[in-house]
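Working notes, beginning with the structure itself.
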(Lines of atoms letter the chains of each structure in order from A and count residues from 1; the text may use other names and numbers.)
(Lines give C-alpha, C1' and ligand atoms only; values in the text may rest on other atoms or scores of the structure.)
Protein backbone atom coordinates (compact mmCIF):
# COMPACT_ATOMS: atom_id res chain seq x y z
CA UNK A 1 0.00 0.00 0.00
CA UNK A 2 2.91 2.35 0.56
CA UNK A 3 4.33 2.07 -3.00
CA UNK A 4 1.65 3.74 -5.09
CA UNK A 5 3.70 6.96 -5.06
CA UNK A 6 7.41 7.60 -4.97
CA UNK A 7 9.33 7.05 -1.78
CA UNK A 8 11.00 10.03 -0.08
CA UNK A 9 14.24 9.76 1.83
CA UNK A 10 15.08 11.64 5.01
CA UNK A 11 17.29 13.54 5.26
CA UNK A 12 17.14 14.41 1.55
CA UNK A 13 20.21 14.36 -0.64
CA UNK A 14 22.28 17.58 -0.61
CA UNK A 15 21.06 18.59 -4.06
CA UNK A 16 17.43 18.08 -3.07
CA UNK A 17 17.54 20.11 0.13
CA UNK A 18 17.21 23.53 -1.49
CA UNK A 19 19.20 26.14 0.41
CA UNK A 20 19.77 24.57 3.84
CA UNK A 21 21.98 27.41 5.14
CA UNK A 22 19.39 30.08 4.28
CA UNK A 23 16.58 27.95 5.71
CA UNK A 24 18.48 27.32 8.94
CA UNK A 25 19.29 31.04 9.28
CA UNK A 26 15.67 32.03 8.68
CA UNK A 27 14.28 29.67 11.31
CA UNK A 28 17.06 30.57 13.74
CA UNK A 29 15.62 34.08 13.65
CA UNK A 30 12.25 32.50 14.46
CA UNK A 31 13.74 30.65 17.44
CA UNK A 32 15.20 33.88 18.84
CA UNK A 33 12.03 35.92 18.22
CA UNK A 34 9.69 33.39 19.82
CA UNK A 35 11.99 32.98 22.79
CA UNK A 36 12.15 36.75 23.35
CA UNK A 37 8.40 37.21 22.99
CA UNK A 38 7.75 34.27 25.34
CA UNK A 39 10.03 35.85 27.94
CA UNK A 40 8.15 39.14 27.55
CA UNK A 41 4.90 37.29 28.21
CA UNK A 42 6.05 35.49 31.35
CA UNK A 43 5.48 38.47 33.61
CA UNK A 44 1.96 38.94 32.24
CA UNK A 45 1.04 35.24 32.19
CA UNK A 46 1.24 34.29 35.85
CA UNK A 47 -2.54 34.21 36.28
CA UNK A 48 -4.94 31.82 34.58
CA UNK A 49 -6.43 34.75 32.66
CA UNK A 50 -2.96 35.71 31.46
CA UNK A 51 -2.33 32.18 30.20
CA UNK A 52 -5.49 32.34 28.10
CA UNK A 53 -5.06 35.86 26.72
CA UNK A 54 -1.29 35.98 26.15
CA UNK A 55 0.67 34.41 23.30
CA UNK A 56 3.04 32.57 25.66
CA UNK A 57 1.98 29.02 24.79
CA UNK A 58 1.76 29.85 21.08
CA UNK A 59 5.30 31.25 21.16
CA UNK A 60 6.55 28.10 22.88
CA UNK A 61 4.90 25.91 20.23
CA UNK A 62 6.29 28.10 17.43
CA UNK A 63 9.71 27.89 19.08
CA UNK A 64 9.67 24.11 18.59
CA UNK A 65 8.29 24.44 15.05
CA UNK A 66 11.32 26.56 14.16
CA UNK A 67 13.67 24.08 15.84
CA UNK A 68 12.18 21.26 13.77
CA UNK A 69 12.73 23.27 10.59
CA UNK A 70 16.38 23.85 11.55
CA UNK A 71 16.89 20.13 12.16
CA UNK A 72 15.31 19.34 8.81
CA UNK A 73 17.61 21.81 7.06
CA UNK A 74 20.78 20.71 8.83
CA UNK A 75 22.85 17.59 8.53
CA UNK A 76 21.07 15.04 10.70
CA UNK A 77 23.26 12.35 12.22
CA UNK A 78 21.66 9.08 11.15
CA UNK A 79 24.54 6.80 12.15
CA UNK A 80 23.36 5.93 15.66
CA UNK A 81 20.45 3.53 15.26
CA UNK A 82 18.27 4.69 18.16
CA UNK A 83 18.64 8.37 17.25
CA UNK A 84 18.13 7.67 13.56
CA UNK A 85 15.05 5.56 14.32
CA UNK A 86 13.50 8.28 16.51
CA UNK A 87 14.29 11.07 14.04
CA UNK A 88 12.89 9.08 11.14
CA UNK A 89 9.54 8.35 12.77
CA UNK A 90 9.00 11.71 14.46
CA UNK A 91 10.77 14.41 12.44
CA UNK A 92 11.13 12.73 9.05
CA UNK A 93 7.43 11.82 8.94
CA UNK A 94 6.54 15.32 10.25
CA UNK A 95 4.51 13.71 13.04
CA UNK A 96 5.77 16.24 15.61
CA UNK A 97 5.09 19.14 13.24
CA UNK A 98 1.46 18.11 12.76
CA UNK A 99 1.08 17.60 16.50
CA UNK A 100 2.35 21.12 17.24
CA UNK A 101 0.07 22.61 14.58
CA UNK A 102 -2.99 20.89 16.04
CA UNK A 103 -2.19 22.24 19.51
CA UNK A 104 -1.70 25.75 18.07
CA UNK A 105 -5.17 25.73 16.52
CA UNK A 106 -6.77 24.71 19.81
CA UNK A 107 -4.78 27.25 21.81
CA UNK A 108 -6.17 29.99 19.56
CA UNK A 109 -9.62 28.45 19.98
CA UNK A 110 -9.48 28.63 23.79
CA UNK A 111 -8.28 32.23 23.68
CA UNK A 112 -11.23 33.05 21.45
CA UNK A 113 -13.63 31.12 23.70
CA UNK A 114 -12.44 33.05 26.75
CA UNK A 115 -12.98 36.40 24.98
CA UNK A 116 -16.36 35.22 23.68
CA UNK A 117 -17.67 34.42 27.17
CA UNK A 118 -16.13 37.53 28.71
CA UNK A 119 -17.59 39.96 26.15
CA UNK A 120 -20.98 38.38 25.40
CA UNK A 121 -21.75 36.80 28.79
CA UNK A 122 -20.15 39.12 31.37
CA UNK A 123 -22.55 37.93 34.09
CA UNK A 124 -20.75 34.57 34.08
CA UNK A 125 -17.62 36.22 35.54
CA UNK A 126 -15.35 34.00 33.47
CA UNK A 127 -12.24 35.69 34.89
CA UNK A 128 -13.17 34.21 38.29
CA UNK A 129 -13.69 30.73 36.88
CA UNK A 130 -10.94 30.67 34.26
CA UNK A 131 -9.20 27.78 36.03
CA UNK A 132 -11.85 25.41 34.68
CA UNK A 133 -11.20 26.62 31.15
CA UNK A 134 -7.46 26.25 31.65
CA UNK A 135 -7.97 22.69 32.93
CA UNK A 136 -10.03 21.85 29.83
CA UNK A 137 -7.29 23.37 27.69
CA UNK A 138 -4.60 21.30 29.41
CA UNK A 139 -6.57 18.13 28.64
CA UNK A 140 -7.52 19.09 25.09
CA UNK A 141 -4.17 20.30 23.75
CA UNK A 142 -2.24 17.04 24.32
CA UNK A 143 -5.24 15.04 23.08
CA UNK A 144 -5.38 16.92 19.79
CA UNK A 145 -1.60 16.67 19.47
CA UNK A 146 -1.64 12.89 19.93
CA UNK A 147 -4.52 12.53 17.47
CA UNK A 148 -2.50 14.37 14.81
CA UNK A 149 0.75 12.60 15.76
CA UNK A 150 -0.13 8.90 15.54
CA UNK A 151 -1.09 8.44 11.84
CA UNK A 152 2.18 9.91 10.54
CA UNK A 153 4.24 7.35 12.45
CA UNK A 154 2.97 4.71 10.02
CA UNK A 155 4.27 6.63 6.99
CA UNK A 156 7.91 6.11 7.95
CA UNK A 157 10.14 3.07 7.90
CA UNK A 158 13.82 2.79 8.75
CA UNK A 159 16.05 0.41 6.80
CA UNK A 160 18.70 -0.70 9.29
CA UNK A 161 20.92 -2.29 6.66
CA UNK A 162 20.94 0.69 4.30
CA UNK A 163 20.62 3.16 7.18
CA UNK A 164 17.95 5.05 5.29
CA UNK A 165 14.71 6.62 6.47
CA UNK A 166 11.96 6.21 3.89
CA UNK A 167 8.73 8.22 3.92
CA UNK A 168 5.70 7.25 1.84
CA UNK A 169 2.38 9.08 1.42
CA UNK A 170 0.46 5.95 2.40
CA UNK A 171 0.72 3.84 5.55
CA UNK A 172 2.96 0.86 6.32
CA UNK A 173 0.35 -1.35 7.99
CA UNK A 174 -2.17 -4.11 7.39
CA UNK A 175 -5.23 -3.28 5.23
CA UNK A 176 -7.53 -3.15 8.27
CA UNK A 177 -5.15 -0.83 10.12
CA UNK A 178 -4.82 1.40 7.05
CA UNK A 179 -8.61 1.85 6.97
CA UNK A 180 -8.60 2.87 10.64
CA UNK A 181 -5.68 5.25 10.10
CA UNK A 182 -7.38 6.90 7.15
CA UNK A 183 -10.51 7.39 9.22
CA UNK A 184 -8.37 8.88 11.97
CA UNK A 185 -6.77 11.30 9.48
CA UNK A 186 -10.21 12.38 8.29
CA UNK A 187 -11.46 12.81 11.85
CA UNK A 188 -8.27 14.64 12.81
CA UNK A 189 -8.60 17.04 9.88
CA UNK A 190 -12.10 17.96 11.04
CA UNK A 191 -11.46 17.90 14.81
CA UNK A 192 -7.98 19.47 14.89
CA UNK A 193 -8.33 21.99 12.07
CA UNK A 194 -11.67 22.82 10.49
CA UNK A 195 -13.99 22.69 13.51
CA UNK A 196 -11.89 24.81 15.93
CA UNK A 197 -11.04 27.25 13.13
CA UNK A 198 -14.66 27.70 12.01
CA UNK A 199 -15.93 27.98 15.59
CA UNK A 200 -13.26 30.60 16.29
CA UNK A 201 -14.31 32.57 13.22
CA UNK A 202 -17.94 32.44 14.33
CA UNK A 203 -17.15 33.56 17.88
CA UNK A 204 -14.90 36.41 16.76
CA UNK A 205 -17.64 37.67 14.44
CA UNK A 206 -20.07 37.71 17.37
CA UNK A 207 -17.54 39.50 19.58
CA UNK A 208 -16.79 42.16 16.97
CA UNK A 209 -20.49 42.79 16.35
CA UNK A 210 -21.17 43.14 20.09
CA UNK A 211 -18.29 45.59 20.56
CA UNK A 212 -19.40 47.70 17.59
CA UNK A 213 -22.88 48.02 19.08
CA UNK A 214 -21.49 49.37 22.37
CA UNK A 215 -19.49 52.23 20.87
CA UNK A 216 -17.22 54.56 22.84
CA UNK A 217 -13.47 55.08 23.00
CA UNK A 218 -12.72 52.00 25.09
CA UNK A 219 -14.86 49.91 22.76
CA UNK A 220 -12.89 51.19 19.77
CA UNK A 221 -9.62 50.11 21.41
CA UNK A 222 -11.09 46.70 22.23
CA UNK A 223 -12.47 46.41 18.69
CA UNK A 224 -9.04 47.05 17.20
CA UNK A 225 -7.37 44.50 19.48
CA UNK A 226 -9.97 41.78 18.91
CA UNK A 227 -9.86 42.35 15.15
CA UNK A 228 -6.09 41.94 15.18
CA UNK A 229 -6.47 38.69 17.14
CA UNK A 230 -9.07 37.50 14.64
CA UNK A 231 -6.77 38.10 11.68
CA UNK A 232 -3.45 36.97 13.17
CA UNK A 233 -4.62 34.02 15.28
CA UNK A 234 -7.37 32.56 13.13
CA UNK A 235 -7.39 33.68 9.51
CA UNK A 236 -3.67 33.78 8.75
CA UNK A 237 -3.09 30.58 10.70
CA UNK A 238 -5.92 28.91 8.77
CA UNK A 239 -4.81 30.14 5.33
CA UNK A 240 -1.12 29.25 5.70
CA UNK A 241 -1.92 25.68 6.80
CA UNK A 242 -4.75 24.98 4.35
CA UNK A 243 -2.70 24.01 1.21
CA UNK A 244 -0.49 21.39 2.85
CA UNK A 245 -3.40 19.92 4.81
CA UNK A 246 -5.43 19.48 1.65
CA UNK A 247 -2.48 17.98 -0.22
CA UNK A 248 -1.81 15.54 2.62
CA UNK A 249 -5.46 14.54 2.71
CA UNK A 250 -5.59 14.18 -1.09
CA UNK A 251 -2.53 11.92 -1.01
CA UNK A 252 -4.48 9.42 1.08
CA UNK A 253 -7.92 9.61 -0.52
CA UNK A 254 -7.14 10.84 -4.03
CA UNK A 255 -5.79 8.94 -6.99
CA UNK A 256 -2.20 8.80 -8.20
CA UNK A 257 -2.49 11.92 -10.37
CA UNK A 258 0.14 13.80 -8.36
CA UNK A 259 2.73 11.12 -9.03
CA UNK A 260 6.32 12.29 -8.75
CA UNK A 261 5.16 15.90 -8.33
CA UNK A 262 3.82 15.19 -4.85
CA UNK A 263 7.18 15.63 -3.14
CA UNK A 264 7.72 19.07 -4.67
CA UNK A 265 4.14 20.14 -3.97
CA UNK A 266 4.30 19.10 -0.32
CA UNK A 267 7.68 20.81 0.11
CA UNK A 268 6.35 24.12 -1.21
CA UNK A 269 2.99 23.97 0.58
CA UNK A 270 4.54 23.24 3.97
CA UNK A 271 6.71 26.38 3.73
CA UNK A 272 3.89 28.89 4.51
CA UNK A 273 2.73 26.84 7.50
CA UNK A 274 6.22 26.61 8.99
CA UNK A 275 7.23 30.16 8.05
CA UNK A 276 4.26 31.62 9.89
CA UNK A 277 5.96 30.50 13.11
CA UNK A 278 8.64 33.10 12.31
CA UNK A 279 6.29 35.81 11.05
CA UNK A 280 3.72 35.51 13.86
CA UNK A 281 5.84 36.96 16.72
CA UNK A 282 6.79 39.91 14.50
CA UNK A 283 3.12 40.61 13.73
CA UNK A 284 2.24 40.29 17.41
CA UNK A 285 4.87 42.86 18.36
CA UNK A 286 3.58 45.25 15.70
CA UNK A 287 -0.17 44.87 16.23
CA UNK A 288 -0.92 43.44 19.69
CA UNK A 289 -1.02 45.95 22.54
CA UNK A 290 0.06 43.36 25.12
CA UNK A 291 3.42 43.27 23.33
CA UNK A 292 4.00 46.64 21.71
CA UNK A 293 2.97 48.60 24.81
CA UNK A 294 5.95 47.28 26.90
CA UNK A 295 8.23 47.99 23.94
CA UNK A 296 6.92 51.56 23.71
CA UNK A 297 7.61 52.01 27.43
CA UNK A 298 11.19 50.91 26.79
CA UNK A 299 11.46 53.54 24.04
CA UNK A 300 10.14 56.17 26.44
CA UNK A 301 12.75 55.34 29.07
CA UNK A 302 15.42 55.55 26.37
CA UNK A 303 14.08 58.96 25.38
CA UNK A 304 12.47 57.98 22.07
CA UNK A 305 8.92 57.98 20.76
CA UNK A 306 8.62 55.64 17.79
CA UNK A 307 11.86 56.73 16.20
CA UNK A 308 11.68 60.41 17.25
CA UNK A 309 13.96 61.44 20.11
CA UNK A 310 12.31 63.60 22.76
CA UNK A 311 13.88 65.91 25.28
CA UNK A 312 14.47 64.97 28.91
CA UNK A 313 11.62 67.10 30.19
CA UNK A 314 9.01 65.34 28.08
CA UNK A 315 10.32 61.92 29.08
CA UNK A 316 10.12 62.87 32.76
CA UNK A 317 6.60 64.17 32.21
CA UNK A 318 5.52 60.93 30.51
CA UNK A 319 7.12 58.89 33.28
CA UNK A 320 5.27 60.81 36.00
CA UNK A 321 1.99 60.51 34.11
CA UNK A 322 2.47 56.77 33.70
CA UNK A 323 2.98 56.33 37.44
CA UNK A 324 -0.31 58.08 38.20
CA UNK A 325 -2.33 56.20 35.61
CA UNK A 326 -4.08 52.91 36.29
CA UNK A 327 -3.83 49.94 33.96
CA UNK A 328 -7.13 50.84 32.30
CA UNK A 329 -6.40 54.54 31.95
CA UNK A 330 -2.99 53.83 30.49
CA UNK A 331 -4.59 52.38 27.37
CA UNK A 332 -5.85 55.85 26.46
CA UNK A 333 -2.25 56.93 25.82
CA UNK A 334 -2.45 55.00 22.58
CA UNK A 335 -4.31 56.96 19.97
CA UNK A 336 -6.97 55.47 17.71
CA UNK A 337 -4.36 55.04 14.99
CA UNK A 338 -2.20 52.92 17.26
CA UNK A 339 0.61 55.52 17.44
CA UNK A 340 2.08 56.62 20.71
CA UNK A 341 1.82 60.23 21.73
CA UNK A 342 3.34 62.04 24.68
CA UNK A 343 1.10 65.07 24.26
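The backbone N, Cα and C atoms fix where each Cβ goes, glycine too.
TrEMBL annotations: computationally assigned, not manually curated.
Among the features that TrEMBL reports, transmembrane segment is placed at 21-39, 105-121, 133-154, 185-204, 234-253, 265-287.
Sequence-remote contacts of a segment are chain residues at least 6 beyond its ends whose Cβ falls under 8 Å from one of its Cβ atoms, and for the transmembrane segment (133-154) they are 48, 51-52, 89-90, 93-96, 98-103, 105-107, 110, 113-114, 126, 171-173, 177, 181, 184-185, 187-188, 191-192.
Cβ atoms under 8 Å from those of the transmembrane segment (234-253) belong to residues 5, 101, 104-105, 108, 112, 169-170, 182, 185-186, 189, 193, 197, 200-201, 204, 262, 265-266, 269-270, 272-273, 275-276, 280, 283 of the same chain, restricted to positions at least 6 beyond its ends. Through the fold, the transmembrane segment (21-39) approaches residues 55-56, 59-60, 62-63, 65-67, 69-70, 72-74, 274-275, 277-278, 281-282, 284-285, 291 of its own chain, all at least 6 residues removed from its boundaries and within a Cβ separation under 8 Å. Residues 18, 26-27, 29-30, 33-34, 36-37, 55, 58-59, 61-62, 65-66, 68-69, 94, 97, 101, 228, 232, 236-237, 239-241, 243-244, 247-248, 251, 258, 295, 338 of the same chain, all 6+ positions outside the transmembrane segment (265-287), place their C-beta atoms under 8 angstroms from a C-beta of that stretch.
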